[in-house]
Amino acid sequence: MSELNVTPSSVSPEIVIPKKEKINLLDLNRQQMREFFAGLGEKPFRADQVMKWIYHYCCDDFDEMTDINKVFRNRLKELAEIRAPEVAEEQRSSDGTIKWAIQVGGQQVETVYIPEKDRATLCVSSQVGCALECKFCSTAQQGFNRNLRVSEIIGQVWRAAKIIGATKVIGQRPITNVVMMGMGEPLLNLTNVVPAMEIMLDDFGFGLSKRRVTLSTSGVVPALDKLGDMIDVALAISLHAPNDTIRDEIVPINKKYNIETFLASVSRYIGKSNANQGRVTIEYVMLDHINDSTDNAHELAALLKETPCKINLIPWNPFPGAPYGRSSNSRIDRFSKVLMEYGFTTIVRKTRGDDIDAACGQLAGDVIDRTKRTLKKKMAGEAISVKAL
């Protein structure tokens, strides 16, 4: 906490008076914003006005909020702030993809903007690092430090929109889709991820359709069950294997919550969700001679026969020191054809931003690893918390 130092003219000891920290309005969803404004004696519509300025205009200066009287603007400046994390570095790919290294404290997470003809997708991080230790993912090699705050999650969207152009400034949405597929496991940070997604969906926030906000998870089953009671967004599951033997090796959380348990939880979520239109997205990274044989494809089809889904096959994106290779195009093609013969909608994801290490599985950031224990001790008997770590 910052401090105000008051020193009398005499030689008496310095008196330290704590200075109250300002509320960062990016940490508040609409209900919380209204409660904060009610505490200031203001009606709910005033909170809605401020939210529109923040998210529709990407405004972080109270003086620019011209439909709010000056007296109240000055009061807000004393008590609150609008502070999104800053961009430490920007890289632009030859295919138009942009990667931002976002400063969060003394560390960095990465956010990726992927423009296409009919959409613009933002890939957002939820944690500084990741504790799940998936073997094919660069983020996992960085270790884990902490969860991101609401303001650091929604702040990535705000910062990207500010750079690309706010809705009310350019006349169209700068971001049409958000995917929680950046650094970290979103379900291990529900406390902050859910309010951030609420702001993404809110008409006074970014106003995205619930079908255009996607959360990806590796399978934290208790948290997935909890998610379905908290919010309705599209779901993608990081499966990556047709059986427990392979998944235990490349996605270690499978030793805690195996595929059968994971898919049962997915089914429960689908039953609660409208955003998924009755099906989920299966993410399957293609690792050469690890999980990409035609036998693996037949096994995957049998595994998913009771799970309404579409399947995204993801050519693996290399990073230094990784023990894997990317499946050849011919192996991916054969794998895809087997799945389509079973009637599955199957898409081979186009790699974007790999020349700037912005493709799926390549995000790394700058992480001070706080926990060497991570999943190893958890597998020895500790429960994986569904609360903020």
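The backbone N, Cα and C atoms fix where each Cβ goes, and this holds for glycine too.
All protein chains considered, the CB of Glu110 (active site, proton acceptor) has 26 other CB atoms within 10 Å. In three-state terms derived from DSSP, Glu110 (active site, proton acceptor) belongs to an extended strand segment. Annotation comment: Swiss-Prot describes Glu110 as active site, proton acceptor, evidence class sequence analysis.
Residues or ranges marked as domain 'Radical SAM core' by Swiss-Prot on the basis of sequence analysis: 116-355.
Using a 10 Å radius centred on the Cβ of Cys123 (disulfide bond) and all shown protein chains, the other Cβ atoms total 28. Per Swiss-Prot, disulfide bond is recorded for Cys123-Cys360, and the stated evidence type is sequence analysis.
DSSP classifies Cys134 ([4Fe-4S] cluster binding site) as coil under the three-state reduction. Taken from Swiss-Prot, the feature [4Fe-4S] cluster binding site covers Cys130, Cys134, Cys137, and the record attributes it to sequence analysis.
In the three-state DSSP reading, Glu185 (S-adenosyl-L-methionine binding site) counts as coil. The S-adenosyl-L-methionine binding site feature in Swiss-Prot is assigned to Gly184, Glu185, Ser216, Ser238, Leu239, His240, Asn317.
What Swiss-Prot lists as active site, S-methylcysteine intermediate is Cys360, and the listing cites sequence analysis.
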Rounded to the nearest Å - Cα separation of Cys134 ([4Fe-4S] cluster binding site) and Cys123 (disulfide bond): 19
Integer Cα-Cα distance in angstrom, Glu110 (active site, proton acceptor) to Cys130 ([4Fe-4S] cluster binding site): 13
Ser238 (S-adenosyl-L-methionine binding site) versus recorded positions Cys123, Cys130, Cys137 - nearest by Cα: Cys137
Other C-beta atoms that fall within 10 angstroms of the C-beta of Cys134 ([4Fe-4S] cluster binding site): 23
DSSP-derived structure type at Asn317 (S-adenosyl-L-methionine binding site), helix or strand or else coil: coil
C-alpha spacing of Cys137 ([4Fe-4S] cluster binding site) relative to Asn317 (S-adenosyl-L-methionine binding site), in angstrom: 9
Cβ-Cβ distance under 8 Å to Gly184 (S-adenosyl-L-methionine binding site), same chain, at least six residues away: Val109, Ser125, Ser126, Gln127, Val128, Gly129, Cys130, Thr139, Asn147, Leu148
